[in-house]
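Note sheet for the following structure.
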Amino acid sequence: MHNTRSNHRSKLIGLLTSSLLLFLFIWIRGIWFQWHGPKNYGFIIALLAFLSGNIINQFFKKFTKSETQYFGSQFSLPLFFIGIALLPKIIFLIKINTLYFEPAFYAYCILLGTLAPQIQLNSFRLSALLFPAFIAFSLYPITFKIDWIPLLLIALAFLYAFFQKEQIKPLSKKRSDWILISSCGLAAYAAIHFNFTPKPEQAQFQDVITHQLNGNIHSYFIGKYRNHQWIYRKNEIIHCTADDALYREPLTYYPQGYLKNPESVLVIGDEFRTAVKKLIHQKNWKNIHHLPLDYINLPKEYSSEFLDKRLSTLKEPIGVYLEKSNHQYDLIIVDTPFPNSVEDNRFFTLEFYQLLAKNLHPKGIFITSAGNPFLFERGIEIINKTISAAGFQTEKIHNAGTSMGELCWLIGSPKELSSYEFNFETTTCEWLNKEAITLLRSFPKAKNQSDLPVNRLDDPQLLSSLKSETLGSI
């Protein structure tokens, strides 16, 4: 009776373990590749591969004479598939992609299928679990650049168990055992299918989602694709780390060329603190104030550098702070979404720029992002006229990158910008230099603004103009 209970217990442990292993590998595939193609396609193939491994197990058991020969031969076919799948990429030292990794992944499922009956129908043995784990994770540094320490521990554990020469008994021929094996695979399939369906953003952009923020105004998420992070607002790409220097250096570093010994800076918006990060790396700033759009759901500090004592995150509405503040900033950076809604439009109105003037030093500078200068030319000219109506002298700069395309920034100052001596030390910059500054300033002759309206809170002319320009470009 005791042996019967022990047998049932070991079978149950084996079922759970093999289910977990199959679950883990299919889940890893889902995380890294976001289920390209029909969402059930990968699940079905993985399940069939897993069950075919059971058949391979029986085949080798029938035609092998010794236990050692059986132990080695049952893994040879899956390992052969893995080698064929990954060999071209390994030889040419090219990064693994979906095309080459898919066959290897399904070969892993076959490998698990050959091992599963041994775990399910015999006593629970550590070596039986570690062997496929070692085979699978040994290729991970090539594919995913995972830390080598867990790999080393898995390898050592596997070698220890292997040299202990633990025997693996042949598979039972009971029909009930095969039913258990099939049920195991089906259970894993069902669990993954109902728990790991991709989000719409994942299906559209095919990224690995690392962080997500659902704010009161906008929903953001950060995806990782080809070793770069991509920041999305709803379904719109707003930044990529590959273009970090191309977008953030004009926004944060260029306006400093007009300033002498600046000490205090206010950053409005910049939800993911990419501009703030650039400023922290500069030692001249004594006060860095960050005024985010969504101060309630502001993402947590992902890096210790955001614990800099000079940085203060102001957790109150932007309009309320600017209205009551008496701080005179040397530089104000406005990095808010381009106005596709009434909520976004308020950061491009006459009333907002008047609040900036109240909080800006008489010799200070402010800069704001203003969208694509070729798609929304009239809209940018309306913003430019609105800034001028608030009492500022203006300048336009622009740059291009791979993620957001062409982007324009508008600079405002209480003084005539030509009266400043532009002198900026570019040694700390990755991209910005004298030649790049010339490129930033290369705009065609400004158009006559006399017929353009001023954008106000109670009269959002900018939204109307953008809507007509968007419809006209279709």
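Even glycines carry a Cβ here, placed using N, Cα and C.
Marked as active site, proton acceptor by TrEMBL: Asp335. In this structure, Asp335 (active site, proton acceptor) is part of a beta strand by DSSP. Under a cutoff of 8 A between CB atoms, and with a sequence separation of 6+ in the same chain, the neighbours of Asp335 (active site, proton acceptor) are Leu251, Val267, Ile268, Gly269, Asp270, Ala275, Thr368, Ser369.
Per TrEMBL, domain 'PABS' is recorded for 320-414.
Summarising the annotation, TrEMBL assigns transmembrane segment to 12-35 (among others).
Annotation source TrEMBL lists transmembrane segment at 41-60 (among others).
Residues annotated as transmembrane segment in TrEMBL: 72-94 (among others).
According to TrEMBL, the transmembrane segment annotation covers 100-117 (among others).
As annotated by TrEMBL, transmembrane segment applies to 124-142 (among others).
Residues or ranges marked as transmembrane segment in TrEMBL: 148-164 (among others).
Residues or ranges marked as transmembrane segment by TrEMBL: 176-196 (among others).
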Which residue counts does DSSP give the domain 'PABS' (320-414) for helix, strand and coil?
34 helix, 35 strand, 26 coil
Along the domain 'PABS' (320-414), what average pLDDT does this model show?
90
